[in-house]
Amino acid sequence: MSDTPLIGVLALQGDVREHLIALASADAVARPVRRPEELAEVDGLVIPGGESTTMSKLAVLFGMMEPLRERVRAGMPVYGTCAGMIMLAEKILDPRSGQETVGGIDMIVRRNAFGRQNESFEAAVEVAGIDGGPVEGVFIRAPWVESVGAEAEVIAEHGGHIVAVRQRNVLATSFHPELTGDHRVHALFVDMVRAVN
Ligand code: GLN
């Protein structure tokens, strides 16, 4: 692989376009991924924010759930924001019935933990491994992480709650760096993809 990794954005539902732009600004080639054949071509994947229950249903419907699990197990780097974080959890608290996840991080995530749409907020968040000061965290009906297993590293907290976690090649944030124009979290992920390819 060249120094410019090819990174997919899971494009079943959610804020796909913003991630494509953020990844391109962080020196990756980015493209939407909807089908297993497209997933097979990328070096890494972003799972966007949106609605995790809908995304989960569509992933099953499009035959993507198993291929996603297989590639994550095989070590493909993945980054999930908000609903994407929920998709990467091994366990969700108060899931909708039948809601499945891809998994990848040994963590328990609480959906809508910070409140509903009208309780969305922004906050400066210090993220371990990211230099240059805190990132602006945009939280929209955001989850938080209730607990993590021994393998998972907590890289950010807000208000006493875990809001960013990394486990080997898998990264997850409760907030949406793709909405801010500050692409340092995407740059960190692009570096993770470069490191394994
Ligand atoms: N609350 C949404 C969910 O459960 C996530 C919201 C978001 O991605 N901004 O999927």
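Placed from the backbone N, Cα and C atoms, the Cβ positions cover glycine too.
Please treat TrEMBL annotations as automatic predictions, because they have not gone through curation.
Residues Gly50, Glu51, Ser52, Ile140, Arg141 are given by TrEMBL as L-glutamine binders; from Arg111, Arg166, Arg168, that same site also lists Arg111. Cβ neighbours within 10 Å of Ile140 (L-glutamine binding site), excluding its own Cβ and spanning all shown chains: 22. Checking the recorded positions Gly50, Glu51, Ser52, Arg111, Glu178 for a CB within less than 6 Å of any atom of ligand 1 leaves Gly50, Glu51, Ser52, Arg111, listed in sequence order. Among the active-site residues Cys82, His176, Glu178, the ones whose Cα sits within 10 Å of the Cα of Arg111 (L-glutamine binding site) are Cys82, in sequence order. Least packed by the Cβ count within 10 Å, out of the recorded positions Glu51, Glu178, is Glu51. Restricting the active-site residues Cys82, His176, Glu178 to those with a CA within 10 Å of the CA of Ser52 (L-glutamine binding site) leaves Cys82, listed by sequence position. For the L-glutamine site, the Cβ centre of Gly50, Glu51, Ser52, Arg111, Ile140, Arg141 serves as reference, and the other residues of the chain with Cβ at most 8 Å from it are Gly49, Thr53, Cys82, Ala83, Ile86, Asn112, Ala142, Pro143.
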